[in-house]
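Noted in TrEMBL for the protein shown:
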- B:D76, B:D78, B:D80: Mg(2+) binding site (BINDING)
- B:C77, B:C94, B:C101: Zn(2+) binding site (BINDING)
- B:29-103: domain 'Phosphoribosyl-AMP cyclohydrolase' (DOMAIN)
There are 2 protein chains.
Amino acid sequence: MNWLDQVAWTADGLVPVIAQEKDTGKILMFAWMNREALQLTRDTGHAVYFSRSRNKLWHKGEESGHSQIVHDIRLDCDNDVVLVTVEQQGGIACHTGRHNCFFQQLQADDWVIVEPVIKDPKAIYHE
Amino acid sequence: MNWLDQVAWTADGLVPVIAQEKDTGKILMFAWMNREALQLTRDTGHAVYFSRSRNKLWHKGEESGHSQIVHDIRLDCDNDVVLVTVEQQGGIACHTGRHNCFFQQLQADDWVIVEPVIKDPKAIYHE
């Protein structure tokens, strides 16, 4: 069976993807891939996701320059979650300009922002 | 606003959760929580998920003894993914008896199992 056929795609043809930074082990982001995105990720060595909001392929870094070089692709025990180990270009994975997307920490009864903005998103996306 | 109300729950009232091991940084598993599960996880300090297949709360380790002590709970930039940092009791997070669920690595065109079974699932679950 083709390796892509072994993935247990959702009814929408997607699979959830966790991106982990190679050197730090930090979780950078969580996104989705469709079949074409996963194929391209493997073939090009750069992370390509599927944007559910824009309903199209999303070559990570296409606007920001913050692409991800993929070192390892794994599939979980149920074949329905992918883990990619990546090198984050520019050290910024999050659209807020932070290193990663998991910057809100639960402290008592509040989500507290615990990671700094490295670069103003306006400067990243030239909006 | 209540911290639970800040989570962007899916239409089914769930949120995807990534469990990362505190000391190694390894991704142990990916699962889901509903509101009650997240509340219990926070209140008890032990990971409680929502099993979509069994349609009920799943106190991780209830059968296997492999519970997870929660050290940190984070929410991503879109408020729709949770990351928990945990101490994995017994060193086994996966129902296959492996340390974690991401043991299939893409090598050329094949998913290859690259992590050993630490304990026979039959011995874990007494089936």
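Placement of Cβ uses the backbone N, Cα and C atoms for every residue, glycine included.
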Quiz item: How many other Cβ atoms are found within 10 Å of the Cβ atom of B:C94 (Zn(2+) binding site), counting all protein chains shown?
Solution: 23
Quiz item: How many neighbouring Cβ atoms, not counting its own, are there within 10 Å of the Cβ of B:C101 (Zn(2+) binding site)?
Solution: 24
Self-check item: Count of other CB atoms lying within 10 Å of the CB belonging to B:D80 (Mg(2+) binding site)
Solution: 14
Quiz item: Cα distance, B:C101 (Zn(2+) binding site) to B:D76 (Mg(2+) binding site), nearest Å?
Solution: 22
Quiz item: In angstrom units, rounded to an integer, how far apart are the Cα atoms of B:C101 (Zn(2+) binding site) and B:D80 (Mg(2+) binding site)?
Solution: 22
Practice problem: Measure from the Cβ of B:C77 (Zn(2+) binding site) and count the other Cβ atoms within 10 Å, all protein chains considered. | Solution: 19
Quiz prompt | Candidates B:D76, B:D78: member of the binding-site residues with the richest Cβ shell (10 Å) | solution = B:D76
Quiz item: Using Cα coordinates, what distance in whole Å links B:D78 (Mg(2+) binding site) and B:C94 (Zn(2+) binding site)?
Solution: 28
Quiz item: Across the domain 'Phosphoribosyl-AMP cyclohydrolase' (B:29-103), what does the pLDDT come to on average, as a whole number?
Solution: 97
Quiz item: Per DSSP, B:C94 (Zn(2+) binding site) is which: helix, strand or coil?
Solution: coil
Practice problem: May I have the DSSP-based helix, strand and coil counts for the residues of the domain 'Phosphoribosyl-AMP cyclohydrolase' (B:29-103)? | Solution: 13 helix, 31 strand, 31 coil
